[in-house]
Amino acid sequence: MSKVVETRSMLLQVLILFFFFSAFVKNGNAGITSTFIRSEWPSNDIPLDNEVFEVPKGHNAPQQVHITQGDYNGKAVIISWVTPDEPGTSKVQYGVSKNYDFTAEGTVRNYTFYNYTSGYIHQCLVDGLEYDTKYYYKIDSGDSYREFWFQTPPKINPDIPYKFGIIGDLGQTYNSLSTLEHYMQSGAQAVLFVGDLAYADRYMYNDVGIRWDTWGRFVERSAAYQPWMWSAGNHEIEYMPDMGEVIPFKSYLNRYPTPHLASKSSSPLWYAIRRASAHIIVLSSYSPFVKYTPQWEWLRKELKRVDRKKTPWLIVLMHVPIYNSNEAHFMEGESMRAVFEEWFVHYKVDVIFAGHVHAYERSYRISNIHYNVSGGDCYPVADKSAPVYITVGDGGNQEGLAERFRDPQPDYSAFREASYGHSTLEIKNKTHALYHWNRNDDGKKVSTDAFVLHNQHWLYLHRGSNLRRRKLKKHHLRRRVVDWASSF
């Protein structure tokens, strides 16, 4: 009996510690510009003959395999792959065992870019899946086949735990490889990708297409086994009139499908999904978004569809950060902020992830919705209804790090560092999630920024509607608090 009492006492102490520390950790390493100086690895792309780009053995063997969510609610996947020599078949065999009891039929296409002609790109929707189930799948080109597996998410429920990885601006350098390998050790179940995939547009002529192929083989080690949710960045535009290529996003749209029709979007570049306890909205920074445009109209309707009783976590992905205190790309997100920020605050978005800037930065909950050209406050203020803004454009691409932050550090900026890395968001229940940013310290995974994210909707219900704005304050946390949160 004494053991039971002791166990209950320990549990009570843990709960008290959790709520005590979470009150502090919610602002993370507040107001810090990291002094860490990276001994930077070369930012050159990995050579084409490196084993990370190895072509699968066998004639016309399927390659560049990747999956993404295929519907609105997580009961479908889109499986994509390339056969290099001939079309072969677009069928996927799948099942809960390697007996492969089911078959789905896909489509095949290819495209040209300058004088490059792509391999045969297959895309197959596998739907009607059961939640929280491991599926095996087999892709057969006619001469060769390859086998993979994936796990479907749990049924949509407000208290379902789920762990997302967040990666941006990845590229295909040795730094990129470090990021990818560290992410694969994180235990995350799906990737939220915030744009700039292969950086193939850094090349010319046929090398553009070749570098799309190498990147597809590069990320296959993860993307064939768990869904990567895509968003497009500026390096996907590939507007190259000198080469006769003037159709934006040509390579990206041919290679990386999204389930946009399931969320009633008119474009694959913006869409929404629901997964576990999260509602995820993907926006396009490089498509029209001002009033009355298709993206504006779609987002206005999609935000009204969000049901926080079923999916309490509301997450937005975009490429260009709205709040950014780095000299690189400073103020580029201002136009989208002016259009959408009021909606983000009104609907109490929990967190907004962006890339573009090749560094890491996290904000407080702040907004600048009271300013217009006629008057009002012209600077961000603390706002409990606003999202946390996080920039994770630090995947490792060949352009290198954005090392110049503006000085002094703005009051709205909680933590910033010019290093490569990736993030994870581990949803615990409908009220709390654990966030980590993991630095790639010269090839070693180092947890650097961590905090407890409080769900906006449930916090609002708990506190009532009288949420007053408060003055921004800086609080320097002790490392042991973050370490405790990291081990929760």
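Heads up, the Cβ atoms here are built off N, Cα and C, so glycines get one too.
These come from TrEMBL:
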- 1-30: signal peptide (SIGNAL)
- 62-152: domain 'Purple acid phosphatase N-terminal' (DOMAIN)
- 163-360: domain 'Calcineurin-like phosphoesterase' (DOMAIN)
- 386-445: domain 'Purple acid phosphatase C-terminal' (DOMAIN)
Confidence summary (mean pLDDT) of the domain 'Purple acid phosphatase C-terminal' (386-445): 92
DSSP-assigned states of the domain 'Purple acid phosphatase N-terminal' (62-152) in counts, ordered helix, strand, coil: 0 helix, 51 strand, 40 coil
Residues in the domain 'Purple acid phosphatase C-terminal' (386-445) grouped by DSSP into helix, strand and remaining coil: 0 helix, 30 strand, 30 coil
